[in-house]
Amino acid sequence: MPMLGENEAVLVSSLVGFFIGDVFTNNNLSVDGGRESFYIFNAGSYSTSYTHILSRAMVLSAIYLTSFVTICSRLCLVPINKNSKSTKWCVSRPRITFVFWSALLVILLVMYYAVSYQFREDAILWTVAYIGSSTFRTWTFILWGSLIPIAVVLVDVLTRRVKSTVRRKLFHFIGVISFTPVVMIDPIFFAFAISTATSVCLMVEVGRFFQVYGTSRLSAFLKHHIDERESTDGIIRTHMYLIFGMGASLILHYRHVQNSIREIPAIMELAYNLIPGVISLGVIDSAAAIVGSSFMLRYRKASGVPQNKFFTGRANPSISHKTTTGTIGGFVAGLLFWILILKLAEVPLMSLPTMYSFLMIAAATLTECFMDGIDNLQLPLVMISATCHLFALLMGESQLWLNEEMRRPNPTTASSLASALRSAWR
(Lines of atoms letter the chains of each structure in order from A; the text may use other names.)
(Lines give C-alpha, C1' and ligand atoms only; values in the text may rest on other atoms or scores of the structure.)
Protein backbone atom coordinates (compact mmCIF):
# COMPACT_ATOMS: atom_id res chain seq x y z
CA MET A 1 0.00 0.00 0.00
CA PRO A 2 1.31 3.50 -0.78
CA MET A 3 2.11 5.82 2.08
CA LEU A 4 -0.45 8.53 2.74
CA GLY A 5 0.54 12.12 3.35
CA GLU A 6 0.59 13.27 6.94
CA ASN A 7 -2.59 15.35 6.74
CA GLU A 8 -4.32 12.76 4.59
CA ALA A 9 -3.46 9.96 7.00
CA VAL A 10 -4.95 11.92 9.90
CA LEU A 11 -8.18 12.61 8.00
CA VAL A 12 -8.61 9.06 6.72
CA SER A 13 -7.83 7.45 10.07
CA SER A 14 -10.24 9.84 11.78
CA LEU A 15 -13.04 8.84 9.40
CA VAL A 16 -12.24 5.15 9.85
CA GLY A 17 -12.29 5.60 13.61
CA PHE A 18 -15.57 7.47 13.38
CA PHE A 19 -17.35 4.62 11.57
CA ILE A 20 -15.89 1.97 13.87
CA GLY A 21 -16.82 3.99 16.96
CA ASP A 22 -20.28 4.59 15.55
CA VAL A 23 -20.93 0.85 15.78
CA PHE A 24 -20.78 1.07 19.57
CA THR A 25 -22.70 4.32 20.04
CA ASN A 26 -25.41 4.47 17.40
CA ASN A 27 -27.71 1.44 17.31
CA ASN A 28 -31.03 2.53 18.82
CA LEU A 29 -33.43 0.88 16.38
CA SER A 30 -35.96 -0.39 18.92
CA VAL A 31 -38.28 2.61 18.42
CA ASP A 32 -38.93 1.55 14.84
CA GLY A 33 -39.17 -2.15 15.55
CA GLY A 34 -35.53 -3.11 15.17
CA ARG A 35 -33.56 -5.10 17.69
CA GLU A 36 -32.67 -3.24 20.86
CA SER A 37 -29.01 -2.46 21.18
CA PHE A 38 -26.98 -4.22 23.84
CA TYR A 39 -24.23 -1.61 23.81
CA ILE A 40 -24.07 0.62 26.88
CA PHE A 41 -22.68 3.72 25.18
CA ASN A 42 -25.64 4.51 22.91
CA ALA A 43 -26.87 8.11 22.80
CA GLY A 44 -30.29 7.80 24.38
CA SER A 45 -31.91 10.91 22.90
CA TYR A 46 -31.54 9.74 19.30
CA SER A 47 -32.85 6.92 17.18
CA THR A 48 -30.66 5.42 14.50
CA SER A 49 -31.84 5.52 10.90
CA TYR A 50 -32.08 2.17 9.17
CA THR A 51 -30.36 3.54 6.08
CA HIS A 52 -27.35 4.54 8.18
CA ILE A 53 -27.01 1.04 9.63
CA LEU A 54 -27.02 -0.38 6.11
CA SER A 55 -24.62 2.18 4.63
CA ARG A 56 -22.33 1.86 7.65
CA ALA A 57 -22.13 -1.87 7.03
CA MET A 58 -21.02 -1.18 3.46
CA VAL A 59 -18.35 1.28 4.59
CA LEU A 60 -17.04 -1.14 7.21
CA SER A 61 -16.99 -3.92 4.61
CA ALA A 62 -14.73 -1.80 2.42
CA ILE A 63 -12.47 -0.96 5.37
CA TYR A 64 -12.17 -4.59 6.48
CA LEU A 65 -11.55 -5.78 2.91
CA THR A 66 -8.79 -3.21 2.38
CA SER A 67 -7.08 -4.15 5.64
CA PHE A 68 -7.35 -7.90 5.13
CA VAL A 69 -6.16 -7.93 1.50
CA THR A 70 -3.26 -5.62 2.34
CA ILE A 71 -2.08 -7.93 5.12
CA CYS A 72 -2.56 -11.08 3.06
CA SER A 73 -0.73 -9.59 0.08
CA ARG A 74 2.51 -10.09 1.99
CA LEU A 75 1.77 -13.81 2.03
CA CYS A 76 1.22 -13.80 -1.74
CA LEU A 77 4.69 -12.56 -2.69
CA VAL A 78 6.61 -14.66 -5.22
CA PRO A 79 10.07 -14.11 -6.78
CA ILE A 80 10.11 -12.69 -10.29
CA ASN A 81 13.09 -14.87 -11.20
CA LYS A 82 13.22 -18.13 -9.27
CA ASN A 83 16.79 -18.78 -10.38
CA SER A 84 18.19 -15.60 -8.83
CA LYS A 85 18.58 -14.98 -5.10
CA SER A 86 18.68 -11.19 -5.54
CA THR A 87 15.53 -11.00 -7.66
CA LYS A 88 12.65 -8.74 -6.72
CA TRP A 89 9.41 -10.11 -5.37
CA CYS A 90 5.91 -9.32 -6.59
CA VAL A 91 2.37 -10.24 -5.60
CA SER A 92 1.08 -13.37 -7.31
CA ARG A 93 -2.03 -12.41 -9.30
CA PRO A 94 -3.73 -15.82 -9.00
CA ARG A 95 -3.20 -15.87 -5.24
CA ILE A 96 -4.28 -12.29 -4.58
CA THR A 97 -7.32 -12.74 -6.84
CA PHE A 98 -8.40 -15.74 -4.78
CA VAL A 99 -7.77 -13.85 -1.52
CA PHE A 100 -9.67 -10.78 -2.75
CA TRP A 101 -12.83 -12.58 -3.87
CA SER A 102 -12.86 -14.96 -0.91
CA ALA A 103 -12.46 -12.12 1.58
CA LEU A 104 -15.10 -10.03 -0.18
CA LEU A 105 -17.62 -12.88 -0.10
CA VAL A 106 -17.03 -13.69 3.58
CA ILE A 107 -17.11 -10.05 4.72
CA LEU A 108 -20.31 -9.28 2.82
CA LEU A 109 -22.00 -12.40 4.20
CA VAL A 110 -21.04 -11.50 7.77
CA MET A 111 -22.33 -7.95 7.30
CA TYR A 112 -25.52 -9.22 5.70
CA TYR A 113 -26.36 -11.44 8.66
CA ALA A 114 -25.34 -8.75 11.17
CA VAL A 115 -27.62 -6.14 9.58
CA SER A 116 -30.46 -8.64 9.20
CA TYR A 117 -30.10 -9.47 12.90
CA GLN A 118 -30.42 -5.79 13.80
CA PHE A 119 -33.34 -5.18 11.45
CA ARG A 120 -35.20 -8.35 12.50
CA GLU A 121 -35.77 -8.93 8.80
CA ASP A 122 -33.82 -9.75 5.66
CA ALA A 123 -31.47 -6.85 4.85
CA ILE A 124 -31.63 -7.37 1.08
CA LEU A 125 -35.43 -7.50 1.02
CA TRP A 126 -35.53 -4.41 3.23
CA THR A 127 -33.26 -2.53 0.80
CA VAL A 128 -35.39 -3.51 -2.20
CA ALA A 129 -38.55 -2.47 -0.36
CA TYR A 130 -36.95 0.81 0.74
CA ILE A 131 -36.04 1.79 -2.81
CA GLY A 132 -39.28 0.45 -4.28
CA SER A 133 -41.48 2.22 -1.74
CA SER A 134 -40.75 5.56 -3.40
CA THR A 135 -41.37 6.43 -7.02
CA PHE A 136 -38.64 9.03 -6.81
CA ARG A 137 -36.07 6.58 -5.40
CA THR A 138 -36.93 3.96 -7.99
CA TRP A 139 -36.51 6.36 -10.91
CA THR A 140 -33.38 7.85 -9.37
CA PHE A 141 -31.84 4.39 -9.09
CA ILE A 142 -32.74 3.61 -12.72
CA LEU A 143 -31.55 6.95 -14.12
CA TRP A 144 -28.31 6.93 -12.16
CA GLY A 145 -27.53 3.42 -13.37
CA SER A 146 -28.26 4.23 -17.01
CA LEU A 147 -27.46 7.91 -17.61
CA ILE A 148 -24.35 8.47 -15.46
CA PRO A 149 -22.29 5.82 -17.35
CA ILE A 150 -23.46 7.35 -20.65
CA ALA A 151 -22.49 10.83 -19.45
CA VAL A 152 -19.06 9.59 -18.35
CA VAL A 153 -18.43 7.98 -21.74
CA LEU A 154 -19.58 11.09 -23.62
CA VAL A 155 -17.33 13.39 -21.59
CA ASP A 156 -14.45 10.96 -22.07
CA VAL A 157 -14.91 10.80 -25.84
CA LEU A 158 -15.77 14.44 -26.57
CA THR A 159 -13.09 16.06 -24.41
CA ARG A 160 -9.96 14.20 -25.43
CA ARG A 161 -8.39 17.38 -26.82
CA VAL A 162 -9.33 19.44 -23.78
CA LYS A 163 -6.87 20.23 -20.99
CA SER A 164 -6.67 17.51 -18.37
CA THR A 165 -7.67 19.94 -15.59
CA VAL A 166 -10.81 21.03 -17.42
CA ARG A 167 -11.56 17.48 -18.42
CA ARG A 168 -11.42 16.20 -14.84
CA LYS A 169 -13.62 18.99 -13.53
CA LEU A 170 -16.31 18.23 -16.11
CA PHE A 171 -16.86 14.95 -14.28
CA HIS A 172 -17.61 17.04 -11.19
CA PHE A 173 -20.44 18.74 -13.08
CA ILE A 174 -21.94 15.33 -13.85
CA GLY A 175 -22.16 14.84 -10.10
CA VAL A 176 -23.75 18.26 -9.59
CA ILE A 177 -26.47 17.59 -12.16
CA SER A 178 -27.09 14.05 -10.91
CA PHE A 179 -26.96 14.71 -7.18
CA THR A 180 -28.62 18.09 -6.62
CA PRO A 181 -32.26 16.98 -7.18
CA VAL A 182 -31.78 13.99 -4.87
CA VAL A 183 -30.16 16.09 -2.14
CA MET A 184 -33.10 18.49 -2.24
CA ILE A 185 -35.89 15.92 -2.46
CA ASP A 186 -34.67 12.87 -0.54
CA PRO A 187 -31.45 13.65 1.39
CA ILE A 188 -31.66 10.48 3.51
CA PHE A 189 -31.62 8.30 0.41
CA PHE A 190 -28.72 10.33 -0.98
CA ALA A 191 -26.69 9.78 2.19
CA PHE A 192 -27.31 6.04 1.87
CA ALA A 193 -26.44 6.02 -1.85
CA ILE A 194 -23.25 8.06 -1.49
CA SER A 195 -21.95 5.85 1.35
CA THR A 196 -22.61 2.75 -0.72
CA ALA A 197 -20.99 4.26 -3.82
CA THR A 198 -17.87 5.24 -1.87
CA SER A 199 -17.60 1.73 -0.43
CA VAL A 200 -17.97 0.07 -3.83
CA CYS A 201 -15.35 2.40 -5.33
CA LEU A 202 -12.90 1.53 -2.56
CA MET A 203 -13.46 -2.20 -3.05
CA VAL A 204 -12.94 -1.89 -6.81
CA GLU A 205 -9.85 0.28 -6.32
CA VAL A 206 -8.30 -2.26 -3.96
CA GLY A 207 -8.83 -4.93 -6.60
CA ARG A 208 -7.29 -2.69 -9.28
CA PHE A 209 -4.28 -1.80 -7.13
CA PHE A 210 -3.46 -5.46 -6.48
CA GLN A 211 -4.09 -6.28 -10.16
CA VAL A 212 -6.92 -8.68 -9.54
CA TYR A 213 -7.88 -10.32 -12.82
CA GLY A 214 -10.32 -8.19 -14.81
CA THR A 215 -9.17 -4.75 -13.61
CA SER A 216 -6.57 -3.90 -16.27
CA ARG A 217 -9.03 -1.91 -18.40
CA LEU A 218 -9.98 0.18 -15.39
CA SER A 219 -6.33 1.18 -14.93
CA ALA A 220 -6.12 2.24 -18.57
CA PHE A 221 -9.21 4.43 -18.20
CA LEU A 222 -8.14 6.05 -14.93
CA LYS A 223 -4.68 6.84 -16.28
CA HIS A 224 -6.15 9.63 -18.42
CA HIS A 225 -8.44 11.12 -15.77
CA ILE A 226 -6.53 11.18 -12.50
CA ASP A 227 -5.01 14.15 -10.74
CA GLU A 228 -1.41 14.90 -11.70
CA ARG A 229 -0.44 14.23 -8.08
CA GLU A 230 -1.54 10.58 -8.34
CA SER A 231 -0.40 7.54 -10.29
CA THR A 232 -2.05 4.30 -11.35
CA ASP A 233 0.81 2.50 -9.59
CA GLY A 234 -0.78 3.40 -6.26
CA ILE A 235 -4.24 3.66 -4.78
CA ILE A 236 -6.14 6.36 -6.69
CA ARG A 237 -8.07 8.23 -4.04
CA THR A 238 -9.28 11.46 -5.65
CA HIS A 239 -12.53 10.07 -7.06
CA MET A 240 -13.39 8.32 -3.79
CA TYR A 241 -12.78 11.49 -1.81
CA LEU A 242 -14.92 13.41 -4.30
CA ILE A 243 -17.88 11.05 -3.98
CA PHE A 244 -17.64 10.95 -0.19
CA GLY A 245 -17.09 14.71 0.03
CA MET A 246 -20.23 15.41 -2.00
CA GLY A 247 -22.34 13.73 0.67
CA ALA A 248 -20.25 14.03 3.84
CA SER A 249 -22.59 16.53 5.50
CA LEU A 250 -25.62 14.33 4.83
CA ILE A 251 -23.89 11.15 6.01
CA LEU A 252 -23.08 12.79 9.32
CA HIS A 253 -26.47 14.46 9.77
CA TYR A 254 -28.92 11.75 8.70
CA ARG A 255 -27.37 8.90 10.68
CA HIS A 256 -29.79 9.90 13.46
CA VAL A 257 -33.56 10.24 13.49
CA GLN A 258 -34.62 12.89 15.96
CA ASN A 259 -38.24 13.85 16.55
CA SER A 260 -37.72 17.58 16.83
CA ILE A 261 -40.46 19.79 18.25
CA ARG A 262 -39.31 22.56 15.92
CA GLU A 263 -39.12 22.23 12.16
CA ILE A 264 -35.79 23.08 10.55
CA PRO A 265 -36.00 26.20 8.34
CA ALA A 266 -35.46 25.54 4.65
CA ILE A 267 -32.48 27.88 4.43
CA MET A 268 -30.69 25.95 7.17
CA GLU A 269 -31.41 22.50 5.76
CA LEU A 270 -30.43 23.45 2.22
CA ALA A 271 -27.26 25.23 3.33
CA TYR A 272 -26.07 22.27 5.39
CA ASN A 273 -26.98 19.69 2.75
CA LEU A 274 -25.66 21.48 -0.33
CA ILE A 275 -22.94 24.03 0.47
CA PRO A 276 -20.28 21.73 2.04
CA GLY A 277 -20.40 19.16 -0.75
CA VAL A 278 -22.25 19.81 -4.00
CA ILE A 279 -21.64 23.57 -4.15
CA SER A 280 -18.12 23.67 -2.68
CA LEU A 281 -16.70 20.72 -4.62
CA GLY A 282 -19.01 20.40 -7.59
CA VAL A 283 -19.49 24.06 -8.46
CA ILE A 284 -16.94 26.37 -6.80
CA ASP A 285 -13.89 24.11 -7.03
CA SER A 286 -14.69 23.02 -10.59
CA ALA A 287 -15.50 26.50 -11.88
CA ALA A 288 -12.37 27.95 -10.25
CA ALA A 289 -10.17 25.32 -11.89
CA ILE A 290 -11.77 25.71 -15.33
CA VAL A 291 -11.77 29.52 -15.33
CA GLY A 292 -8.30 29.76 -13.79
CA SER A 293 -6.74 27.40 -16.33
CA SER A 294 -8.57 28.72 -19.39
CA PHE A 295 -8.85 32.52 -19.13
CA MET A 296 -6.42 35.45 -18.76
CA LEU A 297 -3.50 33.14 -19.58
CA ARG A 298 -1.38 35.96 -21.00
CA TYR A 299 -0.90 37.29 -17.48
CA ARG A 300 0.99 34.22 -16.35
CA LYS A 301 4.72 34.39 -15.83
CA ALA A 302 7.09 32.49 -18.10
CA SER A 303 7.70 30.04 -15.26
CA GLY A 304 4.04 29.07 -15.27
CA VAL A 305 3.30 30.61 -11.87
CA PRO A 306 0.18 32.81 -11.91
CA GLN A 307 0.81 36.53 -11.55
CA ASN A 308 -2.03 37.64 -9.32
CA LYS A 309 -2.78 41.20 -8.35
CA PHE A 310 -4.18 40.51 -4.88
CA PHE A 311 -2.14 37.53 -3.73
CA THR A 312 1.01 35.78 -4.92
CA GLY A 313 2.68 32.44 -4.60
CA ARG A 314 5.62 34.16 -2.93
CA ALA A 315 3.38 35.26 -0.04
CA ASN A 316 1.71 31.88 0.34
CA PRO A 317 3.15 28.81 -1.46
CA SER A 318 -0.17 26.95 -1.18
CA ILE A 319 -1.73 29.25 -3.80
CA SER A 320 1.17 29.24 -6.24
CA HIS A 321 -1.03 27.36 -8.72
CA LYS A 322 -4.20 29.38 -8.06
CA THR A 323 -5.37 32.47 -9.97
CA THR A 324 -7.42 35.50 -9.11
CA THR A 325 -9.61 34.92 -12.16
CA GLY A 326 -10.26 31.34 -11.10
CA THR A 327 -11.18 32.36 -7.56
CA ILE A 328 -13.57 35.03 -8.82
CA GLY A 329 -15.06 32.59 -11.34
CA GLY A 330 -15.62 30.00 -8.63
CA PHE A 331 -17.29 32.53 -6.34
CA VAL A 332 -19.63 33.82 -9.07
CA ALA A 333 -20.58 30.28 -10.14
CA GLY A 334 -21.24 29.21 -6.55
CA LEU A 335 -23.27 32.34 -5.83
CA LEU A 336 -25.46 31.93 -8.92
CA PHE A 337 -26.04 28.24 -8.21
CA TRP A 338 -26.98 28.93 -4.57
CA ILE A 339 -29.43 31.65 -5.68
CA LEU A 340 -30.99 29.16 -8.11
CA ILE A 341 -31.42 26.61 -5.30
CA LEU A 342 -33.04 29.22 -3.04
CA LYS A 343 -35.43 30.25 -5.81
CA LEU A 344 -36.45 26.64 -6.42
CA ALA A 345 -37.05 26.17 -2.69
CA GLU A 346 -39.00 29.45 -2.52
CA VAL A 347 -36.71 30.94 0.13
CA PRO A 348 -36.86 34.78 0.33
CA LEU A 349 -33.61 36.13 -1.10
CA MET A 350 -33.68 39.50 0.67
CA SER A 351 -33.97 38.18 4.22
CA LEU A 352 -31.08 38.47 6.67
CA PRO A 353 -30.54 34.69 7.16
CA THR A 354 -30.28 34.34 3.38
CA MET A 355 -27.78 37.17 3.19
CA TYR A 356 -25.72 35.52 5.91
CA SER A 357 -25.77 32.25 3.95
CA PHE A 358 -23.93 34.00 1.12
CA LEU A 359 -21.01 34.28 3.52
CA MET A 360 -20.68 30.51 3.29
CA ILE A 361 -20.19 30.77 -0.48
CA ALA A 362 -17.41 33.29 0.10
CA ALA A 363 -15.92 31.09 2.83
CA ALA A 364 -15.95 28.04 0.55
CA THR A 365 -14.28 30.06 -2.23
CA LEU A 366 -11.50 31.36 0.01
CA THR A 367 -10.98 27.94 1.61
CA GLU A 368 -10.62 26.38 -1.84
CA CYS A 369 -8.18 29.12 -2.82
CA PHE A 370 -5.82 28.79 0.13
CA MET A 371 -6.07 25.03 0.59
CA ASP A 372 -3.23 22.94 -0.76
CA GLY A 373 -4.02 19.38 0.14
CA ILE A 374 -6.79 16.83 -0.24
CA ASP A 375 -9.44 19.43 -1.07
CA ASN A 376 -12.06 16.81 -1.96
CA LEU A 377 -11.93 15.71 1.67
CA GLN A 378 -10.77 18.77 3.56
CA LEU A 379 -13.03 21.38 1.95
CA PRO A 380 -16.35 19.66 2.84
CA LEU A 381 -15.24 19.07 6.44
CA VAL A 382 -14.25 22.72 6.85
CA MET A 383 -17.54 23.93 5.38
CA ILE A 384 -19.61 21.55 7.52
CA SER A 385 -18.11 23.15 10.60
CA ALA A 386 -18.52 26.68 9.23
CA THR A 387 -22.17 26.15 8.24
CA CYS A 388 -23.08 24.59 11.59
CA HIS A 389 -21.46 27.42 13.52
CA LEU A 390 -23.13 30.10 11.40
CA PHE A 391 -26.67 28.82 11.90
CA ALA A 392 -26.04 27.95 15.55
CA LEU A 393 -25.37 31.66 16.05
CA LEU A 394 -28.29 32.78 13.87
CA MET A 395 -30.86 30.55 15.59
CA GLY A 396 -30.28 32.46 18.82
CA GLU A 397 -31.30 35.73 17.17
CA SER A 398 -35.10 35.53 17.21
CA GLN A 399 -35.54 38.81 15.31
CA LEU A 400 -33.98 37.21 12.23
CA TRP A 401 -36.80 34.66 12.03
CA LEU A 402 -39.85 36.90 12.39
CA ASN A 403 -40.76 36.32 8.74
CA GLU A 404 -42.97 33.22 8.64
CA GLU A 405 -41.64 32.29 5.19
CA MET A 406 -38.15 32.00 6.65
CA ARG A 407 -39.29 29.57 9.37
CA ARG A 408 -41.06 27.07 7.15
CA PRO A 409 -39.32 23.79 6.24
CA ASN A 410 -37.91 22.91 2.86
CA PRO A 411 -40.91 22.43 0.49
CA THR A 412 -38.94 20.14 -1.83
CA THR A 413 -38.12 17.37 0.66
CA ALA A 414 -39.59 13.93 0.08
CA SER A 415 -41.56 13.96 3.32
CA SER A 416 -43.84 16.64 1.92
CA LEU A 417 -43.68 15.82 -1.80
CA ALA A 418 -46.42 13.32 -2.58
CA SER A 419 -45.11 12.49 -6.04
CA ALA A 420 -41.71 11.57 -4.60
CA LEU A 421 -42.71 9.52 -1.59
CA ARG A 422 -45.98 7.61 -1.43
CA SER A 423 -45.73 6.52 2.19
CA ALA A 424 -43.60 7.13 5.25
CA TRP A 425 -40.60 4.83 5.57
CA ARG A 426 -38.43 4.29 8.58
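Each residue, glycine too, has its Cβ placed from N, Cα and C.
For 53-77 (among others), the entry in TrEMBL reads transmembrane segment.
Taken from TrEMBL, the feature transmembrane segment covers 98-119 (among others).
TrEMBL lists 139-158 (among others) with the feature transmembrane segment.
Summarising the annotation, TrEMBL assigns transmembrane segment to 170-190 (among others).
Per TrEMBL, transmembrane segment is recorded for 235-254 (among others).
Look at TrEMBL and you will find 274-299 (among others) tagged as transmembrane segment. Remote same-chain partners of the transmembrane segment (274-299), defined as residues 6 or more beyond its termini with a Cβ less than 8 Å from a stretch Cβ, comprise 163, 165-166, 168-170, 172-173, 175-176, 179-180, 183-184, 242, 245-250, 306-307, 322-323, 325-334, 337-338, 341, 357, 360-361, 364-365, 367-369, 375-376, 379-381, 383-384, 387.
Here TrEMBL flags 319-341 (among others) as transmembrane segment.
Here TrEMBL flags 347-367 (among others) as transmembrane segment. Proximity of distant same-chain residues to the transmembrane segment (347-367), defined by a Cβ-Cβ separation under 8 Å and at least 6 residues beyond the stretch ends, is recorded for 265-268, 270-271, 275-276, 279-280, 284, 288, 327, 330-331, 334-335, 338-339, 379, 382-383, 386-387, 390, 394, 400-401, 403, 405-406.
The annotation transmembrane segment is assigned in TrEMBL to 379-402 (among others).
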Residues of the parent chain within Cβ reach of the transmembrane segment (235-254), under 8 Å, 6 or more residues beyond its termini: 1-2, 8, 49, 51-52, 55, 172, 175, 179, 183, 187-188, 190-191, 193-195, 197-198, 201-202, 205-206, 208-209, 222, 226-227, 272-273, 276-278, 281-282, 374, 376-377, 379-381, 383-384, 387
Can you work out which residues elsewhere in the same chain, 6+ from the ends of the transmembrane segment (379-402), have a Cβ less than 8 Å from its Cβ atoms? 11, 245-246, 248-249, 252, 265, 268, 271-272, 275-277, 280-281, 285, 351-353, 356-357, 359-360, 363-364, 367-368, 371
